[in-house]
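Asks: I have a structure here, written as structure tokens, and I will follow up with some questions on it.
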Amino acid sequence: MASQFKLLESFEVQSQYTAFFTGNQIAWTQDGNHMLCQDGAKIHMLELESGKVLCSFDNSTGDSDMKDDPVTAFSVCEDEFGSYLFASYRSGLMIKWCRKKYKILRTWKSVHKGPVAQIAVDEDCLYLATGGSDSKIRVWELANFNCIASLKGCQGVTSVLKFRPNSNEVFAAGDDCKIRSWSVSDGAEKLLLESHFSQVTAFAFSENQLISAGRDAVICLWNLDKGTILKTIPIFESIEGLVLLPNDCILPGNYHVGSNSGPHVAVAGEKGVVRVWQVEKAKEVYVQSDSQISPSAEPGGLAVISLMLNGNTLAMVGVDHTIVLHSLSDFKCQRLLTGYCDEILDITFCGKDDTHLAVASNSPDIKLYRMKDMHCILLKGHTDIVLALCATPLQPNLLASSAKDNSVRLWVVDEEQSTVTCVASGMIHMNSVGAIAFSRTTANWLYSGAQDNCIKAWEIKNSDGQYTLSSKHSVIAHDKEINGLSVSPNDKIVASASQDKTAKLWNSDLTLIGTLRGHKRGVWCARFSPADQVLATGSADCTVRLWNLADLTCIKTFEGHDASVLKLEFVAAGLQFLTSSGDGLLKLWTVKNSECCLTLDGHEGRVWALAGKLPSFAVSIIFQHFFPVHSDKAHVVSGGSDSKFVIWKDTTVEKQEQARKEMVERVEQDQTLSNLLHNKMYDAALELALQLNRPNTTLKIIQTLSEDKKMLRACVEKLSPELQESLLQLAFKWNTNTRNCSMAQLILEFMLTEGSVQLSTQDLAHALAYTQKHFQRLSQLRADLHFLTYTAARMTLMPDEA
């Protein structure tokens, strides 16, 4: 218990989850372990097992004008010599990287008039094709990066570009809805395939056949030997992704894809589901039933933007930047990664021992991350943007959410099965519900506040796993929308924060206790202290106020933020609290002295969300004998408008231990230095003084050694080049002072004549300026001394002359 009352002093970033996929292009390495994802001017390499970005490829050629040059297309290839990444930028720059060494191998210009839209590399890594927005396809020989062909005929922007396997042909489609092929060797057009009536978005090769799909909602099967169409299959949805399935794969329902049954393709588009077709028979053999990607909101819109196949794993890429990996055998979701969360609005830990993290962003879907590997589960149910989340340590698998669809929902997390079920919902509010809070002593009550200015108290009943959510109390609480709710540790008081510049206190049955006035702008959040009878409120007036619950007076005001205080949480058993603001900063405040003791900078925008893995975050210390704390480590997670959430770890104990060790080591070194000086071991003392960065002690040693220049030279010669450099820098500083310039000149003389340290031109000019100044001063002193000598001599002759 005593350790829980210690003040926190330090936090460090333990991990952070940032946007890694914001574009529309993605590639999969042959080993199946990594994906390359476009993010503006960068390409991130993602490790699928851990969900972490291993490295980033960007335009680091040194040209400052190219730093924000976005990637327009990229492709990967591998041969016996290595793995390579080719990328094009909007400026026309092309770059080849060695993917495993993260090294740029070659840069050149694309020569296209406009940006490159597609890049393709043949299977032997001998040729590179670029499709631009200038109606041209260019083929490059990778041995010497010469453009060997400029292929004409494709109209507009190239939408698909591929080399035909085991052939000397390149295929492309453009805005004219036609597919063309050219010979790489002579650039002659060989085939013109006309059947699509809208943009072709994908095609795949199967021996002497080509299967193509587009936004005209059909699949076309072509004979490449004759250049004729064999079959047109209407599928009644716009298609964005198509992959050819291997002959030995097995689909759900024990359906075998064999070579005798003809080519099978998996397609996906606006419906957001994968459909498998036996092309020659125009037969649909499988339709995905539980897709994690939502269908397009309007006909002809986008849902799935790409399909990729690697071995027995199929990847779906959604327009919302989600990447879903499925096993072909059962089509279960093996992995779900979110490349871009958009603006994070709320965040909370949930699950037993806080194993999961629930995130609400600009989406109707709640993202539930498994902390150990960042695997994501999408919680679907709300029909509009989710605004608030809440969990309770009394029932860790229970999660509550509220959204712009005027509803409140309850979810149960099954950690063993990695599933989440919506068990109850309530829709009584007349506007967006922006605040929710569980009761603290039991998990039987939930409070919600909305833009209809009402607070509602919901009773939660659980009968053998059957949950019900019923509204028992309701009150029109404020004149403007409600931003935050908080429940006292004993469940007797509910606090509400509103845009009407007030916070109000309510009994559990929502009868008014009192109004807290004092903020000059809207109040964003309110939190009860887990130990004292006080309430903290954060406001858009950039202040935090602490209120006495006994007489409803403001007892402290905390100033320090330069933007709105958006979230607030008590830590260290109520002795401190954390705040997040609109300027991207987190601040740690000590209640007793009203001072900000720590500022954390980890975001580039408003920090809307703040949650903690701390005893005082979850349960009041009053009730800790009922709910013992299992961990003495504090973790805080923050999320904001920069699509990033950061997990901060309390490092107070580590920093204090490190400071104690440094202090002990410093005392020991000071004693050693004192002993060396006492024993007149000046060479060792000089070395140690320089190592400890003790300028005054070093100066005293030099002054002592200056009486014997041979000894001084011997001591300086024994120093390492690094310590000689340190001594030289001290000499430069001493040379600026008349009092110590003589010692500086001794060191400079040695360094210039016998020292091993190379002096820069700037250092020499700096030293020369002060040296000339000292020389002029000493010359003047010498002249003055001669004048005094002459005057004294004349004064002694005056009596004789008289």
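Each Cβ is built from the backbone N, Cα and C atoms, and glycine gets one as well.
Feature list, courtesy of TrEMBL:
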type	residues	note
REPEAT	109-150	repeat 'WD'
REPEAT	193-232	repeat 'WD'
REPEAT	379-421	repeat 'WD'
REPEAT	429-468	repeat 'WD'
REPEAT	475-507	repeat 'WD'
REPEAT	516-557	repeat 'WD'
REPEAT	558-599	repeat 'WD'
DOMAIN	670-795	domain 'U3 small nucleolar RNA-associated protein 13 C-terminal'
Asks: Looking only at residues six or more beyond either end of the repeat 'WD' (558-599), which have a C-beta under 8 A from one in the stretch?
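Replies: 4-11, 521, 524-532, 536-546, 605-612, 614-617, 621, 634, 636, 638, 640, 642, 648.
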Asks: With helix taken as DSSP H, G or I, strand as E or B and everything else coil, how many residues of the repeat 'WD' (379-421) land in each class?
Replies: 0 helix, 23 strand, 20 coil
Asks: For the repeat 'WD' (429-468), would you mind checking the mean pLDDT of the predicted model?
Replies: 93
Asks: By DSSP assignment, list the helix, strand and coil residue numbers for the repeat 'WD' (109-150), in that order.
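Replies: DSSP classes over the repeat 'WD' (109-150) add up to 0 helix, 24 strand, 18 coil.
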